[in-house]
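Report on the following structure.
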């Protein structure tokens, strides 16, 4: 029995006041619908039917080449009509799970519980109890058993008093779903084909209907405007921050952190305020991350320190390495064990060896730097000739004086010393001292220019 997921994503989202289709608005730098797609994959879906309508080109461009079946809903005539567009790709023996592209916080564990609650040949619907259920369809029960769902505009006074509401998420047998969708009518206050009407049909056909509930109501909330989108963003961030704390991170203020990807942390990790994580970030034990740092697709080893306002992207920090404040590691950069870069040092496709240091104001690009090297302030590897990038090699225990330019390709041998202000254009041998600056001149009695009075 295959799990066939139908995701409804055809709406325009007029209240968003945007040209972007509603489901493409982001939560944690990922579109709402992509969150739903990822969750569907995580529970082992065999197929995903994406029902789309408004903004088709933008939707297809944003979602790219994914394992999706695109099912067009040319007219938005209700949720039942939307699901019906997926019928050509649904087999009789499928379990059909219906999800919504603007409900991004639904968790895999909740969907697994819903699927487990579905009886053989029966239906399972996800419900939640709200203090204020206004606007939602109500779950109608008789003697504890679900007999139907009534929408807000069609409900009588007794039904409006019901607090258990329909989330719209349900698991339905494929063959029965086809039959029930074929019976739908739009004879209601909205003039639409309600998916919810299939529940009364299931009851009338003697089909068993079970329910499940999420761990939190926020899982099933959608975003119809930017205020609700911001609320979902905060809820998502709170949930992700909680995961980090449970895993061993000490967050200085859990409400002032942004997690926009997959973060793995070790024990006793300290994270100060306003830190941003993006992509896949792996952090070891006893790591300290200062305020305002940005970590993107990087690996941080045990006991490393990232000082405030540093940007670490596509890079690695070794054991007890440190960066910052105001340092930038670009893709391909790596600090080996005990290596350090300080304020306003930038590295790209460069390795700084064990115990080596670049304390201030340097650019190290396309460079292999050995152990025990000191990089003076203002040092630049001149790696680009206007057409191609070239490699700088600095071997172990080299001392590079301040304001030195290394014009690549060039190799500096072990133990060499480069005098401050030098421009190095040729290879330097081991233990050599190289000074290329112009000889210092002393002009006695020099008279400074005097300003001319006007």
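Just so it is clear, glycine is given a Cβ too, placed from its N, Cα and C backbone atoms.
Swiss-Prot names 383, 384, 402, 420, 437 as acetyl-CoA ligands; from the candidate set 371, 377, the record adds 377 to that same site. Note: the Cα of residue 374 (UDP-N-acetyl-alpha-D-glucosamine binding site) and the Cα of residue 360 (active site, proton acceptor) are spaced 11 Å from each other. Of all the binding-site residues listed (8, 377), 377 has the fewest other CB atoms within 10 A of its CB.
Ranking the recorded positions 330, 360, 437 by how many other Cβ atoms lie within 10 angstroms of each Cβ puts 437 at the bottom. Looking only at the recorded positions 224, 360, 383, 384, 437, the one with its C-alpha closest to residue 78 (UDP-N-acetyl-alpha-D-glucosamine binding site) is 224. A Cβ distance under 8 Å defines the sequence-distant neighbours of the region 'Linker' (227-247), meaning residues of its chain 6+ beyond its ends; these are 16, 25, 27-28, 32, 104-105, 218, 221, 254-255, 257-259, 263-265, 269, 271.
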